[in-house]
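If you check Swiss-Prot, you get these features:
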type	residues	note
ACT_SITE	Tyr95	active site, charge relay system
ACT_SITE	Glu135	active site, charge relay system
BINDING	His85	heme b binding site
BINDING	Tyr188, Arg204, Gln205, Tyr206, Ser207, Cys389, Phe390, Gly391, Pro392	FAD binding site
BINDING	Gly268, Val269, Gly270, Gln271, Thr272, Pro273	NADP(+) binding site
DOMAIN	1-136	domain 'Globin'
DOMAIN	150-255	domain 'FAD-binding FR-type'
REGION	147-396	region 'Reductase'
SITE	Lys84	site 'Influences the redox potential of the prosthetic heme and FAD groups'
SITE	Glu388	site 'Influences the redox potential of the prosthetic heme and FAD groups'
Amino acid sequence: MLDTQTIAIVKSTIPLLAATGPKLTAHFYERMFKHHPELKNIFNMSNQSSGDQREALFNAICAYATNIENLAALLPTVERIAQKHTSLNIQPEHYPIVGEHLIATLDELFSPGQAVLDAWAKAYGVLADVFIQRESQIYQQSETETGGWRTLRRFRIIKKEQQSEVICSFVLAPEDGGQVLHYKPGQYLGIYIEHESLEFQEIRQYSLTTAPNGKTYRIAVKREEQGTVSNLLHRELNEGDIVRIAPPRGDFFLDVSPDTPVALISAGVGQTPMLSMLNTLYSQQHAAPVHWLHAAENGRVHAFADEVSAIAAKMPNLSRHVWYREPDLQDKHGEDYHSQGLMDLSSYQWLADDPKRHYYFCGPLPFMQFIGRQLLAQGIAPEQIHYECFGPHKVI
């Protein structure tokens, strides 16, 4: 526990941190990578280049300083980060490195005096212990469960299938022929990629897209125009190739009782965690109403359309509505899609007709912000709204 003086000193630095902004974490990462370039094998350098990771870390530091007297308020954030850390194989020995360069950054940017540096060192130590303990639990759980493993395991690509012009799916089976760890629908896999074209090892997280089956995993990857790893996966990796995988992780997953109505809302590749949820609801013969709402540019980039249609034909409690922003001439209204333009939920009165309904959504950030506002405007309780950000987390 932190003493009152330490807490007071840390809280007194909040205005300084806020005024500095992500410049703080930019300096931190530059310093840490200079002294420990091997950590570039862990961190997503694309997120470093875009500034997303710097912003996410800055927000986390400010949230910790603000809630330092009430760490319980940070537990959801701790869980989300711990899940990601274990997908990246973060170990206890990494925390002193981060702490050293965080304190050095504060000193170099602000020269706040030894009392402030000591207070932040204590505060960081407490937070590091929280993460180390939780991550140890996650590692141990995934190692001891049926089909589980602790860090990395070799998987063979047994099926590669083009699902749209930009999305490709990969079915993965353990090279050792054993079972695979159960996962919660909505969680992701960490994929470790080493290739002659890459300067460093790259790690990416991709959502699982089927119901758990104990034998294989399926992920789907969107080919981004400037995406180093996504283009490599699409163009270079083929059936028979081996990839190393961390166990399923993630704090975004389907968690409802059999009588709970569910709305699954997505845009683009954001449908991938929803697809796992839909397949699971179907396999479990979920009795309550399920709504599938999806937005895509057009049929050329609408992945898994046939799979969802096949489920809808066998699942009478599933309602499906698809929006195409700019349909092609070959896209059939009423068959391939139901509405043209952007997804608009304002006229869907059923959204709020059942106080038990839970809402899960994923997609590009502007889409999620728009959907979040629409749900809240219809009086949906925030605790029944669940969302996933691909990449560093953002509050919508």
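Cβ from N, Cα, C; glycine included.
A straight line from the CA of Tyr188 (FAD binding site) to the CA of Thr272 (NADP(+) binding site) spans 10 Å. Among the recorded positions listed (Gln205, Gly268, Gln271, Pro273, Glu388), Gln205 has its Cα nearest to the Cα of Tyr95 (active site, charge relay system). In this structure, the CA atom of Gly268 (NADP(+) binding site) is 23 Å away from the CA atom of Lys84 (site 'Influences the redox potential of the prosthetic heme and FAD groups'). Gly268 (NADP(+) binding site) falls within a helical segment according to DSSP.
Neighbours of Pro273 (NADP(+) binding site), defined as other CB atoms within 10 A of its CB across all chains, total 29.
Here the domain 'Globin' (1-136) returns a mean pLDDT of 94 for the predicted model. Under 8 Å, Cβ to Cβ, and six or more positions away along its own chain, Gly270 (NADP(+) binding site) finds Phe361, Cys362, Gly363, Pro364, Phe367, Met368, Glu388, Phe390. Rounded to a whole value, the Cα-Cα separation of Ser207 (FAD binding site) and Pro273 (NADP(+) binding site) is 5 Å. Taking CA atoms as the reference points, His85 (heme b binding site) and Gln271 (NADP(+) binding site) are 24 Å apart.
Spacing of Thr272 (NADP(+) binding site) relative to Gln205 (FAD binding site) is 12 Å (Cα to Cα, whole number). Comparing C-alpha positions, Glu135 (active site, charge relay system) sits nearest to Lys84 among the recorded positions Lys84, Gln205, Val269, Pro273.
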